[in-house]
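Colleague: Quick one: the structure is below, and I'll ask about it shortly.
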Amino acid sequence: MVKFSKQFEGQLVPEWKEAFVDYWQLKKDLKKIHLLNITNKNNNNNNNNSPNKHPNSSLSNTLLTSLKNFSLFGPQRKDHHEVIHVHKKLATSASKGDVYETELLEQFADTDAAKEFFNCLDLQLNKVNQFYKGKEKEFLERGESLKKQMEILVEAKTAFKQQRGKGASSLQDSKEDASISCTISREESIGDRAEQEQLQDNNITDDQVEKNDVSYGDICSRSSDELGKSMGIKREDSKLRTLSGQVFSCQGKNFGINIPLTTPSRTFSAISYLVWEDLVNQNSKKCTPEGSKLRINKTKLHHAEKMIKGAFVELYKGLGYLKTYRNLNMLAFIKILKKFDKVTGKQVLPIYLKVVESSYFNSSDKVINLADEVEELFIKHFADEDRRKAMKYLKPRQHKESHSVTFFIGLFTGCFIALFTGYVIMAHILGFMFSLLFLHFFLYGCNIFAWRKTRINYSFIFELAPTKELKYRDVFLICTTSMTVVVGVMFVHLSFLTKGYSYTQVQAIPGLLLLAFLLLLLCPFNIIYRSSRYRFLCVIRNIILSPLYKVVMLDFFMADQLCSQVPMLRNLEYVACYYITGSYKTQDYLYCMRAKHYRDLAYAVSFLPYYWRAMQCARRWFDEGQKNHLVNLGKYVSAMLAAGTKVAYEKEKTAGWLCLVVVMSSVATMYQLYWDFVKDWGLLQMNSKNPWLRNELMLRRKIIYYFSMGLNLILRLAWLQTVLHSSFEHVDYRVTGLFLAALEVIRRGLWNFFRLENEHLNNQGKFRAVKTVPLPFHEVDEQD
């Protein structure tokens with residue numbers, strides 16, 4: 001049977017761990033009481049075994065006790081349940097709620113330890129009530145805001161249907177429909193302060209919202225200076241930028257729609273709309289001072305509907321977490337009180353449990369009512385009155401892990417080992433095109449396994465759909481299957497060569513294998529993890545088009561992986577040149593090395609991953625205004641310079657370039673080591689309770705962190721091999737290069753775990769367990 005402490009730790013919300021009952025500390029306090037009871041019991045046994053020197057005193061004590069139990073009206077009944085009394089005090093502020101303090105009414109054998117236990121118990125109860133009340137208030141406010149957003153959306157959709165039915169002419173003549181009349185105005189691109197803070201904490205993925213234009217129909221003329229004011233984006237620290245559409249009137253108020261500038265299409269369409277609006281309206285003389293009627297845009301409404309739908313899903317998820325928070329804490333109080341009664345022999349559970357049951361976190365039903373309302377609204381507006389369809393969004397079911405996956409992992413692992421052994425026997429030089437890629441993929445599977453074991457919520461950090469994310473066994477299956485196919489094809493390739501087949505035809509086999517993998521990656525059919533392949537392609541697109549796309553965690557995480565795959569990218573560059581130029585037919589392996597365009601392209605390939613990452617830092621600074629991103633940008637600029645000097649040194653092989661490689665690589669290494677340990681890993685904190693580490697650690701053994709820092713330092717210095725020209729006897733230089741590149745991939749796999757651990761602890765410190773989806777409609781003052 002699983003212990004409750006393990007069950008409790010496995011079911012709690014990771015980001016709210018600090019807000020849950022500290023069950024482990026209460027167990028420690030209870031253990032002290034138990035040890036003191038054992039000590040007192042042993043002392044009493046020793047006293048009983050000693051000779052009784054004062055029999056008269058013992059007899060007098062017995063008589064006094066008997067007299068106390070009787071009165072003039074007969075024997076007094078002692079209430080054995082009144083062991084403690086819990087006082088309820090009003091807090092100084094309404095936000096903190098009531099405060100509970102426990103008074104011991106009966107003398108305990110270990111009074112100090114018992115007081116310490118109940119002080120801790122009261123502290124936990126007060127903490128739970130305060131946190132629950134704060135989160136409940138947050139979700140209720142979000143729920144009320146969503147209800148208003150839903151009302152506006154319904155009226156806007158109704159107005160759109162009327163507009164579509166009546167036509168443009170009848171719409172302009174209509175004066176009764178207030179939901180579609182408006183006063184055209186333009187506000188600053190910085191939206192409401194609270195909504196912008198929500199935007200900063202949330203990143204909407206491409207499958208949550210669709211691309212849209214911002215045109216609305218009839219447009220009122222505006223002067224060129226107003227246009228310049230509207231296009232001039234005002235910066236505020238820690239605020240993302242959005243561009244509002246025109247304002248329309250609904251329910252007697254003016255509303256605008258925020259467009260998050262997350263994609264190039266939205267950015268360019270918003271700017272082009274402003275320019276087009278000014279050009280058209282400079283020649284327009286028909287617009288009245290009061291404004292004109294506004295035609296509601298279907299794409300804009302669909303975009304707003306998707307945003308509101310996503311906000312409902314996240315709100316429902318948060319309410320579910322709050323229900324789990326209530327139930328687990330209630331169960332923790334019951335369990336620890338039962339243990340206390342068992343250890344002390346007192347009847348504390350019935351008394352304290354009444355207090356816990358009547359406390360705010362257990363007695364308030366606002367969360368349950370709000371969850372029911374969210375279900376009803378979602379079923380009505382987003383599921384066509386189909387409850388089962390609605391629950392697929394609100395309560396998505398995760399796919400059950402199949403034993404067949406484990407079976408195929410073992411099968412393909414064995415096949416890979418057998419084929420690899422045969423290939424080693426037949427080949428003298430091992431240089432696989434896909435070895436670095438699949439090593440990286442294998443380490444990612446190990447990362448997922450480690451994240452799950454340490455309760456790091458990587459799905460929330462990466463914003464992965466819980467029903468579509470890859471589990472570590474899926475990653476291992478893909479990795480072993482792919483490597484089996486690769487080595488199998490290479491084995492066939494060598495077999496054909498030994499049997500005397502045409503060299504031109506045989507050399508085309510590796511190229512066909514690469515083409516097959518690319519076609520599989522781009523396959524539009526719903527086979528072989530299509531959702532994961534699509535998400536991967538979207539992330540690669542976002543990286544390549546940096547800084548046009550808004551940067552989310554998964555984007556810069558993947559860009560960092562590419563920085564460790566520069567050797568693989570250069571290898572792919574060579575393979576592309578080898579097959580495109582037809583060198584495989586003439587067996588001229590050095591043709592691409594001699595070509596000037598290829599050498600120039602080698603510079604670009606070495607720069608690109610660092611350039612993409614630097615552009616992402618620039619975009620994040622542009623969006624959030626934090627100088628920390630500029631400092632991070634400098635790290636990748638130094639890496640670009642170091643990579644460029646290394647490529648130039650490989651070409652020139654002069655002492656001057658060698659000195660420049662040493663200087664640039666040393667500066668980049670020191671920069672990167674500082675950023676790895678301090679910024680990404682959150683380590684090297686001088687005032688931490690853990691020497692040279694952070695205060696909160698996910699791993700119990702501190703030696704792992706020290707070992708990882710030392711290993712990261714060694715692997716960061718792998719570039720010294722270029723300077724020292726160290727080589728192994730009778731080992732091909734390509735094998736040495738492959739070995740060093742593999743070490744960099746291993747270092748990146750180690751970095752991945754600690755990077756996400758630090759991100760998880762930051763989220764946990766801010767108690768962020770669900771995404772805060774920005775809402776489309778915002779009220780605009782008439783003065784604006």
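Counting starts with 1 at the first residue shown.
Each Cβ is built from the backbone N, Cα and C atoms, and glycine gets one as well.
Dumping what TrEMBL says about this protein:
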| type | residues | note |
| --- | --- | --- |
| COMPBIAS | 185-196 | compositional bias 'Basic and acidic residues' |
| COMPBIAS | 197-206 | compositional bias 'Polar residues' |
| DOMAIN | 2-354 | domain 'SPX' |
| DOMAIN | 593-784 | domain 'EXS' |
| REGION | 41-60 | region 'Disordered' |
| REGION | 164-207 | region 'Disordered' |
| TRANSMEM | 405-426 | transmembrane segment |
| TRANSMEM | 432-451 | transmembrane segment |
| TRANSMEM | 472-496 | transmembrane segment |
| TRANSMEM | 508-529 | transmembrane segment |
| TRANSMEM | 655-674 | transmembrane segment |
| TRANSMEM | 703-724 | transmembrane segment |
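Map the listed features onto the structure and describe their local environment.
Modeller: Through the fold, the transmembrane segment (432-451) approaches residues 458, 470-473, 475-476, 478-479, 482-483, 486-487, 490, 510, 514, 517, 561, 564-565, 567-568, 571-572, 575, 738, 741-742, 745-746, 748-749, 752-753, 756 of its own chain, all at least 6 residues removed from its boundaries and within a Cβ separation under 8 Å.
For the transmembrane segment (508-529), the residues of the chain that approach it from at least six positions outside its boundaries are 433-434, 470, 474, 478, 482, 485-486, 489-490, 492-493, 496, 536-537, 575, 578-579, 584, judged by C-beta separation under 8 angstroms.
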Colleague: In the same chain, which residue numbers or ranges, 6 or more beyond the ends of the transmembrane segment (703-724), come under 8 angstroms Cβ to Cβ?
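Modeller: For the transmembrane segment (703-724), the list is 642, 646, 649, 658, 661-662, 665, 669, 672-673, 676-677, 681, 683, 692-693, 697, 736, 740, 743-744, 746-747, 750-751, 754.
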